[in-house]
Amino acid sequence: MPFGNTHNNFKLNYKVEDEFPDLSKHNNHMAKVLTKELYGKIRDRQTPSGYTLDDVIQTGVDNPGHPFIMTVGCVAGDEESYEVFKDLLDPIISDRHGGYKPTDKHVTDLNFENLKGGDDLDPAYVLSSRVRTGRSIKGFTLPPHNSRGERRGIEKLSVEALTSLDGEFKGKYYPLKSMTDAEQDQLINDHFLFDKPVSPLLTCAGMARDWPDGRGIMHNDNKTFLVWVNEEDHLRVISMQQGGNMREVFKRFCVGLKKIEEIFKKHGHGFMWNEHLGYILTCPSNLGTGLRGGVHVKLPKLSVHAKFDEILSRLRLQKRGTGGVDTASVGGVFDISNADRLGSSEVAQVQLVVDGVKLMVEMEKKLEKGEAIDSMIPAQK
Amino acid sequence: MAGSFTRMIGGRNGAVLLASLGAGTMATGFLMSDNPLAAEVRTKLYPPSSDFPDLRKHNNCMAKALTPAIYGRLRDKITPNNWTLDQCIQTGVDNPGHPFIKTVGCVAGDEESYEVFSELFDPIIKDRHNGYDPTTMTHPTDLDASKITNGVFDDKYVLSSRVRTGRSIRGLSLPPACSRAERREVERVVVMALAGLKGDLAGRYYGLQDLTDKEQQQLIDDHFLFDKPVSPLLTCAFMARDWPDARGIWHNNEKTFLIWVNEEDHTRVISMEKGGNMKRVFERFCRGLKQVEQLIQERGWEFMWNERLGYILTCPSNLGTGLRAGVHVRLPNLSKDIRFSKILDNLRLQKRGTGGVDTAATGDTFDISNNDRLGKSEVELVQMLVDGVNYLIECEKKMEKGQDIKVPSPVTQYRK
């Protein structure tokens, strides 16, 4: 909660065992890492804006998790959370991001020219291409913690930055609270409109407070560049188009991001970033690049092949249904995207998608002809 | 330029701030650092006007009462437990309300909320409790069940009788604000006290986190089990945190006295039985409450209560007695008469479906209970319910014989 230490100093009058949450039935990253001893060690800390350990973990306490899906179970309230509570967050980051160490450095590379190929994915198979990431604005606390005043400050800065873009990025901002019915219908039809979070993973972290105050959507006139303001992160930036030209999508993504960043920097509010964790976002799972680059691709034969999941794993890719996370595929069409976020650059992650999808389309074509694909199965990337 | 940003901060101090902002990360570090000057700067950067919620589409008691001036005076205050105004009103900001149903739109985090934020709570209390003015009036408490007259209804009409209230343990924060340790302390204090009940009140506690499947099923069959709140009115007020830690249900062996621990309030106390003996239900209610109070006092605890507001509970709508006394009653003829609502109004009663609040009536059976909570004592409210239900049954009997009925004159509001 904003500008208050949420009762923290008062709680210190109680013994550790009386305050320690019951995590015996829990299955999330936070519950795996947080012991009573660790809780006792860091529970008296606060970030400068007053975010506490209990604030960080509340969502993980309230959502025990799922036996098969491992959620993160904690969030950051501000940039400093990752420092002040590193004793808890570093092991969680390591678990979630393939052993990433507290001493590791993350490389950022948003030079689209470094991407090789990506403009020749077969449109008969690759139906659409998309890259998304998030950005947090320095000097403001994050969605779980920010006050109405801060959230409106973020919105004002974002609107100024976004509506000053020109060329292919020229567009319009639609604040959620003053949308007309016609605008709302159009945004729904375009699949752009985001709604108040209903997932308890988010609501228990305080991210739906004051909805829809300070929230909105900007998109360019061509409907290929979209920014969400004050949803799960300060900004979510999306570049997309029909067909398989991932190179063009990524170029627009990088150029757009750089332009936006320039404008924020001019106001003394650049993006939150450091050389250890890359771009700082609300959920530890989105650290690093925060990037999910993916395609909707038709793989009816490959997807039922015995080695499909292994191929994906080796290519460092993941599959989802075409409705996004937690949906099933329809008609053999899959959403294929990069699995990694932290420890490799944007260019490297999109390269994996481009190369991996190209290979899988070749495999699909081979299977169509009744040929085997065993010789094509790649080594672990 | 930093046009829009400038608008947020006024005056010379603002100019100084902006200049420092232009220094980028260094200034940010200063702003976010934990020194008293930083707090002052932060307040100037975000004056109350920048934080004032947008309540233009809202229809609840809080939205009606909260002005920018009041918000400005109260925003930076805290209770001794570090509870803030923003935390009190969050549920009302997040739930704009319903055009026909007026919700309260704020909660207390502790006993002191009602004092520290009285400038907001007092007008809300007055609005919600039909003109009861906490600045000038006092609330009477009376739990002497022997005073009730004519409190046994005709079983042909009254199917069941029930009285409920809530009690808070002084010194511990309320469900929106409490930490896990405080909530567990509430559970410990209450469960230890209840273990001392004897005779017809002797019973057992079922902690929600340790229920066996068999116990859970039994509690469901008895209609005793409460579940994690799903209503956003409650979840947005932080009341479902850490569920089901330290939540539970206690009931006596006869299943006529039931206590919920750490649901919407520290405790909810319910006395009930089949049939129309409201006098006995209320007698058990008062006896049970008094005994529980004595048992906690023996260990140095007490209930939250004061002369101004009566028993202190989480929601301002439950202040005073926190009491809802009601019956399930069959009124096949009366309920079809167009004067039914007016009669209830004048008797200061309300009707609900037999599923409780916001349910529809099935057939001709209604849940009839008292409207008021604050400004009249428990005995007064139960007597009003008793007199009212007796009147309704008389009307029903008359209509069965084809006789006409009268709308009673309105019952008086408050003692002056």
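Note: Cβ is positioned from N, Cα and C throughout, glycine not excepted.
Here is what TrEMBL says about this protein:
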DOMAIN    A:11-98  domain 'Phosphagen kinase N-terminal'
DOMAIN    A:125-367  domain 'Phosphagen kinase C-terminal'
BINDING   A:128-132, A:His191, A:Arg236, A:292-296, A:320-325  ATP binding site
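Between the listed binding-site residues, namely A:Arg236, A:Arg320, the fewest other CB atoms within 10 angstroms of a CB are found at A:Arg320.
There are 27 other CB atoms within 10 A of the CB of A:Val131 (ATP binding site), with all protein chains counted. The number of other Cβ atoms within 10 Å of the Cβ belonging to A:Ser128 (ATP binding site), over all protein chains shown, comes to 19.
Annotation note: A:Val131 (ATP binding site) sits in a strand segment as assigned by DSSP. Taking Cβ-Cβ distances under 8 Å and a sequence separation of 6 or more, the neighbours of A:Gly294 (ATP binding site) in its chain are A:Ser129, A:Arg130, A:Val131, A:Arg320, A:Asp335, A:Ile336, A:Ser337, A:Asn338, A:Val353.
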